[in-house]
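According to TrEMBL, the features are:
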- 5-21: transmembrane segment (TRANSMEM)
- 23-288: domain 'NADH:quinone oxidoreductase/Mrp antiporter transmembrane' (DOMAIN)
- 56-75: transmembrane segment (TRANSMEM)
- 95-115: transmembrane segment (TRANSMEM)
- 152-171: transmembrane segment (TRANSMEM)
- 178-197: transmembrane segment (TRANSMEM)
- 203-222: transmembrane segment (TRANSMEM)
- 243-266: transmembrane segment (TRANSMEM)
- 278-304: transmembrane segment (TRANSMEM)
- 290-342: domain 'NADH dehydrogenase subunit 2 C-terminal' (DOMAIN)
- 325-345: transmembrane segment (TRANSMEM)
Amino acid sequence: MNPQAKLIFIISLLLGTTITISSNHWVMAWTGLEINTLAILPLISKSHHPRAIEAATKYFLVQAAASTLVLFSSMTNAWSTGQWDITQMTHPTSSLILTAAISMKLGLAPFHFWFPEVLQGSPLMTGLLLSTVMKFPPITLLYMTSQSLNPTLLTTLAILSVALGGWMGLNQTQTRKIMAFSSIAHLGWMAIILIYYPKLTLLNFYLYAMMTAAVFLTLNSMKVLKLSTLMTAWAKAPSLSTILLLTLLSLAGLPPLTGFLPKWLIIQELTKQDMAPAAIIISLLSLLGLFFYLRLAYCATITLPPHTTNHMKQWHINKPINPSIAVLTTLSIMLLPISPMLATII
C-alpha cells in the first residue's frame with residue numbers, strides 16, 4: 001500500500017476516534033464512528049486476497065447496521081425526551097436498541113459472529129487495530145450512557161460472551177482467530193462491571209489493549225499465523241517466544257502478572273454489589289480461556305517440533321527486539337505490585 005495513503009487512513013482513524021470520544025451530541029459521535037469504519041476498510045482489504053475482501057465486506061455490513069441502530073436509538077430518545085445529549089439517554093427502548101448496536105460494534109455475544117472471520121481475513125497489524133483502537137469509541141459511548149443501561153441485559157451478554165469466547169477458542173489453530181475469541185471473552189469482563197463501576201471497565205480495556213498489542217506485535221515479528229508455525233519458532237527467536245509465553249499468561253489472568261489485576265478488582269466489586277453468583281460463573285468460565293492461552297504458550301515454548309514437520313526450519317537470527325514489544329511486555333507482566341496506586345486513581 002502507498003505510504004501516503006496508509007498515513008491518511010491512520011490519521012482518519014485517530015480523527016474518528018477523537019471525534020467520538022470527545023463529543024456530547026449523538027450525531028457527532030455517529031460521524032466519528034463512520035469515519036473510523038471507512039478508514040479501516042482499506043487496511044483490512046489491502047492484500048487483495050479474496051478472504052481479505054470478504055472480511056472487509058462483512059465488516060462494512062455489520063458496522064453499517066450497527067451505526068444505523070445507534071442513530072435510530074438516539075433519534076428515538078430525542079423524539080421522546082427532546083435531548084440529543086449522549087449522557088441523557090433516558091428512554092428505556094432507546095437504551096435497549098443502543099446496547100444491541102454497541103454490542104454489534106464491539107463483537108459482544110450473541111453479535112460476535114463477524115469478528116473472528118474479519119480478524120482472520122486481516123493482516124496481523126490491522127487485526128491489532130481492530131482488537132484495540134476500533135473498540136475504544138464504542139466502549140466510551142457505553143461508559144457515557146452506563147447509568148441508563150439495563151443491568152440484567154448487560155450481565156447476560158457478558159456471561160454469554162465469556163462462555164462463547166472461551167468455548168469457541170478451544171479448537172482453533174489460527175492465532176488470529178484465537179485472539180478474536182480472547183477479545184470476545186475480555187469484552188464480557190468489561191461489560192459485566194460497566195453499570196456498577198464504569199471506570200473499572202476503562203481500566204480493564206486499557207490493560208487488555210496493552211497486553212493484546214504485545215501479543216500481536218510479537219506474533220508479527222515472528223511472522224506466525226498458525227500454531228504449527230509457532231511450534232518451529234523457538235529455534236528462530238527464543239527471546240520472542242519467551243516474551244509471548246509471559247504475555248499470554250498475563251492475558252489469561254494468572255496472579256503474579258498484570259492481567260490478574262482487572263479480574264481481581266471486578267470480582268471484588270461484583271461481590272460488593274451482591275452479585276457473587278455472577279462472579280463465580282464468570283470466573284469459572286474464564287478457565288476455558290486459560291486453556292487455549294496455555295495451549296498457545298505450550299506450542300510457543302515447551303514443545304519441540306517433530307522431526308518430520310512439513311514446515312521449513314527457520315534460521316536463528318540475531319535481529320534486535322522492537323523496543324515497543326519490550327516496553328509493552330514489561331507493562332504486561334509487572335503492573336500488579338502497583339495495583340493499590342491504580343485502585344486509588346480510579
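Note that Cβ sites are derived from N, Cα and C of the backbone, with glycine treated the same way.
A TrEMBL annotation is a machine prediction, not a hand-curated record.
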Averaged over the domain 'NADH dehydrogenase subunit 2 C-terminal' (290-342), what pLDDT does the prediction give?
78
Six or more residues beyond either end and a Cβ under 8 Å away: which residues meet both conditions relative to the transmembrane segment (325-345)?
203, 207, 210-211, 213-214, 217-218, 221, 240, 243, 246-247, 250-251, 255-261, 264-265
